[in-house]
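Notes follow once the structure below has been shown.
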């Protein structure tokens, strides 16, 4: 009897174990689990976090980065920010129909946003910024009636902004800045109330939100349906051809009339395009070696127009200001900040104006007007390093590149170690390294990030403006240190050596940025391939030293990065003939 009872117990135990295993297997392959595994299988690389997702696990709710509803056990949040994810977004994500929060920003995801994401009707927040996502914004996102936050900034999106997004009545935050979007910004619903900050960095957008008028041909056409229904319709082509004939006659008449008006009124139209400095404007000069009266400077300011623009950036428009005695200055216009901020702004400018160093662009003074601040800097005829590397026809030889790197390092090191108070730049990039007539580098725009950090618009611009140069921890926390500058400097060195932008298209195709590309080449023992093929006179020993320094600077761990003082020491001892006294040269050329 005991033996029979034991056999029955064993049979029941085996049956219960089998049913339990079957239940666990069914849980592991739930629709939500399958969707997440499809995402995992499509990712080509990561820091290992999603490698812990196992199909045999009984519950995907225990997976890293996954949050489930306590009662329904459905996935409600997927948060995998800054985990070095490289790969496409699979359409299976659309099966997570209870998903409320999708946070995949600060990775290396690419290809397009799946239209199936529009099936996740419970979504309240989509954060895909700082990736390499291409294609158009799916119009299906307009179906997400509960969506509150949508951030697609710092990607490679193209096409028009779908008008369907204007239907999102609960949307409070929207950011598509720094992409390649084109056409007219829809003026439906919330989209009509958004400011310029949501769209910065898309050169071919137009609309009242960014104060750019759309023309009838081109931009407004690009803002049509993103589904591409325009096509080469024969009737449209016929109408277009007929309209062109009449249009040419109209253009000829307009040109004739325009020339007549220009002779009469043209010069009046270009006056005071920069700013009306009358009525309470004052000039503050920091260095006593400028022999100009305030009225002379103000007179020159009033004559500036769009023909004098030499650059535009996240901090403002830059104009070329020529004085009667032949001296030339660069004038940076910063729009008036919030009321009550003037005193702090002026105090900080006094600090910046006291800094003089061979490898920094001198701030000579500023004009305080009722509507804006106009900062007066030394003008450097060599333009920016960005222009020299990527936009001009001439090629920088090896010696010029090395000297530029060393000069930029010395300027940044001076800000970190010899200024009181110390200055963290936060926006080191090639367009902020200016060159004089001898191609000697000077760091510009230092201190401006701190001046404007309390402005919401600036925070958006600074992060967007330096995308590709930003240290990982800065993108994650928003907290800048000297080591975030060191990382950006390391990226700058790689840019100078390679002649490629940090987010060059050749990297994006492989899911890299310039740092990822370097790491890949190092793993393949091909680091030398990073050098620009057009660069002449490359010295192998100097190249090895520069690659070693750059690799240290772009370490993912801030603690492993050298200080800029140490970087200068390495450059002087391993790349050039040591001349340490030059580092502390605070004289201005």
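Backbone N, Cα and C atoms are what each Cβ position is placed from, and that goes for glycine too.
Computed from a predicted structure; not experimentally measured.
The ATP binding site annotation in Swiss-Prot covers 310, 311, 312, 313, 314, 315, 316, 317, 318, 332. According to Swiss-Prot, the domain 'Protein kinase' annotation covers 304-576. Positions annotated as phosphoserine by Swiss-Prot, on the basis of similarity to another entry: 384. The phosphothreonine annotation in Swiss-Prot covers 460, 461, 466. According to Swiss-Prot, the feature phosphotyrosine maps to 474. If you look up Swiss-Prot, you'll see 122-144 marked as repeat 'LRR 3'. Annotated repeat 'LRR 4' per Swiss-Prot: 145-168, in sequence order. Marked as signal peptide by Swiss-Prot on the basis of sequence analysis: 1-28. As annotated by Swiss-Prot, topological domain 'Extracellular' applies to 29-236. Feature annotation from Swiss-Prot assigns topological domain 'Cytoplasmic' to 258-589; the stated evidence is sequence analysis. Taken from Swiss-Prot, the feature transmembrane segment applies to 237-257, supported by sequence analysis.
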Beyond a gap of at least 6 residues from its ends, the CB atoms lying under 8 Å from the repeat 'LRR 4' (145-168) belong to 105, 113, 121-139, 174-192, 201, 205, 222-226, 460, 463-464, 467, 508
Please compare the binding-site residues 310, 318 by how many other CB atoms fall within 10 Å of each one's CB, and tell me which has the fewest.
310
For residue 384 (phosphoserine), which of the three DSSP-derived states applies: helix, strand, or coil?
strand
Protein Cβ atoms within 10 Å of residue 474 (phosphotyrosine), excluding its own
21
As a test of reading the model: what is the averaged pLDDT for the domain 'Protein kinase' (304-576)?
83
Cα distance (Å, whole number) from the residue listed as 'phosphoserine' to residue 310 (ATP binding site):
11
Taking the Cβ of residue 384 (phosphoserine) as centre, how many other Cβ atoms lie within 10 Å?
22
In whole Å, note down how far the CA of residue 318 (ATP binding site) lies from the CA of residue 474 (phosphotyrosine).
27
How far is it from residue 318 (ATP binding site) to residue 384 (phosphoserine), counting Cα to Cα, in Å?
13
Residue 310 (ATP binding site), DSSP three-state class -> strand
What does DSSP assign residue 474 (phosphotyrosine), in three states?
helix
